[in-house]
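Novice: Among the features that TrEMBL reports, region 'Disordered' is placed at 256-301. Here TrEMBL flags 260-274 as compositional bias 'Basic and acidic residues'. Among the features that TrEMBL reports, compositional bias 'Polar residues' is placed at 275-296. Annotation comment: TrEMBL describes 314-355, 502-537, 595-629 as repeat 'WD'. According to TrEMBL, the feature domain 'Anaphase-promoting complex subunit 4-like WD40' maps to 459-515.
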Amino acid sequence: MENMVFAEELVREFLVFRGFTNTLQAFVKELGTDIGKGFQVDKILDLIFSIYIPKFQAENLIQLLRFFNNCFSSHETHLVSVISELDISIIRYYIIHAIQAGRKDKVIELFDIHGTELLQKDQHWASWFAIPYIKTPKSEPQFRLYFSKEWSNALHLSLRNFLTKMFNGTRIPALMKISSERNMVSRLKGDIKQLNFKLAQLQVLLEEKETQLHHNSLLATEVIVGTDSSSNPLAGSGEPTVFVPASSHVICVSASAQAGEREPKHSEDIRPDDTQVSTSKISNHSGQSERNTGNDVQREEEFPEVRVDFQETFLGHTSPISRCRFSATGDNVASASVDGTVRIWTYDSSAPTSRNATIYCGAEIMLLEWECKSDRLLLIGTADGGIKAWNVDAKRVVCDLSCTEAFPSVLDLKCSPVEPIFVSAAASRWPGSSDIGKLGYASLTVWNMRTWKAMTVLPLGEDPPPITSVCFNHNGKLLAAAATDGMIHMFDMSAGLQITGWPAHDSAISSVLFGSDETSIFTLGIDGKIFEWSLQNQGEVLWSSDCSRFCNLRSSSHNKHEMALDAYGRRLLVTSNSLRAPIYQVRGHAYGMRTLPHSASITTVDWHPTSSIFLTGSADHSVRVTSMA
């Protein structure tokens, strides 16, 4: 908790300033033995179920439970009774665990020290005093429930929900609000800056429209004066008053062109071919010109320019961008370029910059992947087959792995959202510049992120085609793998076995993603075709689109195109050979949108994990953070 750490630093600073060294020493000692773990639910659960109970630290467990009883004693009566029930259940869980581990001596020791106290709280404990002396307590009706997996899982869930509710309702000390208020002030300053910028843009637009209206009124006045018979020298001569058609046509085209210039279009997006199209329209007949214009308007409505709330451009790279990724919390961005440089940065001025860093890897960066749970580790895959793990807090490489000689090329990396593991997809040949299908054979390896050792290799059969993209589902139990032969493979990660698979594309697959509701899976082929497949009815296509206009690897210099799904599962962002990237509305009525243009092709994309903010990395060396209005 950033606010907690900031408040602790303020206390330290004050004690040093006042010279209260003894108090400072006591404060630091208390922090080191913080049994409340800063009111962080996950750490408290780990303390109880991963340390105190497995290591039979009964005294520490009882002290922790007393601590929480004191913390919550001022709450409502019914919540106090819930605390008491949870205390009893946790101690019983300790006893059951000790019985299952064959440590009945620990149960007897617990009752010797705390038996009287337990009996005073609840008379039902009397029957539990006999459990160390029962030969098979699991078969006894009174204790059978407590040996079940369902009861254990229910206890974990109940304790998590209860602590979450209690901590969310805990009054925050005024000292901890300082950090939040400081961040809010910084955020408001940023909002003011953005609003001032928008105001300046609107003022310029208003001046342009006033100039246009004045110019159009002058033209209308000239036409009215020209049609006045009293000022026409040919009036009354029997010849009709005729205006030169060319002049009229030029005036009409001029007004149309001026209106087009005021459309919200970036100057970088005006290309020579646009000018040629405009010129051809002017030279055509009037009816044909109207038909062409109508078709162009229809195409633009299919891909309207995205409405932007704010946009930040990061210019810290000196070569084309190969990958960019939001961290698991969305506070940090990691971006990589083909010159072997990785930059970690923040786009929000109110966010802390302590993690900002520049990493030089010595080889082209092919892959970036953030660890999902702690948000502290960044995996970096290089073109020479290396996998580095960067600790963003310690600012150092904590592990440097190398692929085997049999599979020297890493094609994808994905971290489990639950377990401390990641999967690497490797190929037996080095990736070429244009042909994704000539990569030899595939290997899928599961790695442990604590020991940094390979745990297992997932079975793919004999001489399997290379796996180009992998993806975990929300609980890490399923892994989807896409291959160059167009197949999708599904693995059960608990068993380490392939459970199903189906042909998804006629060509190689470049990217695969699980849908946000976990009932579908998205695939992007190198031919630019996108499919959403049902996981409930295998082989059923729920939605599809053809983005070959933007994304076709056969006519691209990219090694691999990719796609990203927003946090709500409604918008699909795809890399692009052109200056803009398409954003498709998944199963929606609107066909899609286009991003604001870069000055070169868009090589990598990503969505913020919780907001409508996306990343686009380009061959023009820039990375943009765009928030949709």
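Glycine is treated like the rest: Cβ placed from N, Cα and C.
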Novice: State the non-local partners of the repeat 'WD' (502-537) in its own chain: residues 6+ outside its ends, Cβ under 8 Å from one of its Cβ atoms.
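Specialist: For the repeat 'WD' (502-537), the sequence-distant neighbours (Cβ-Cβ under 8 Å, at least 6 residues beyond its ends) are 436-437, 468-474, 478, 480-488, 543-554, 560-565, 567-569, 572, 574, 584, 586-587.
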Novice: Counting only residues 6 or more past its boundaries, what in the same chain has a CB within less than 8 Å of a CB in the repeat 'WD' (595-629)?
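Specialist: For the repeat 'WD' (595-629), the sequence-distant neighbours (Cβ-Cβ under 8 Å, at least 6 residues beyond its ends) are 266, 268-269, 305-315, 317-326, 328-330, 333, 335, 337, 347, 556-558, 562-568, 571, 573-583.
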Novice: Please work out the helix, strand and coil residue numbers for the repeat 'WD' (595-629) from the DSSP assignment.
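Specialist: Taking each residue of the repeat 'WD' (595-629) in turn, the totals are 0 helix, 18 strand, 17 coil.
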Novice: Let's see if you can do this one: DSSP helix, strand and coil counts over the repeat 'WD' (314-355), in that order.
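Specialist: Taking the repeat 'WD' (314-355) as a whole: 0 helix, 17 strand, 25 coil.
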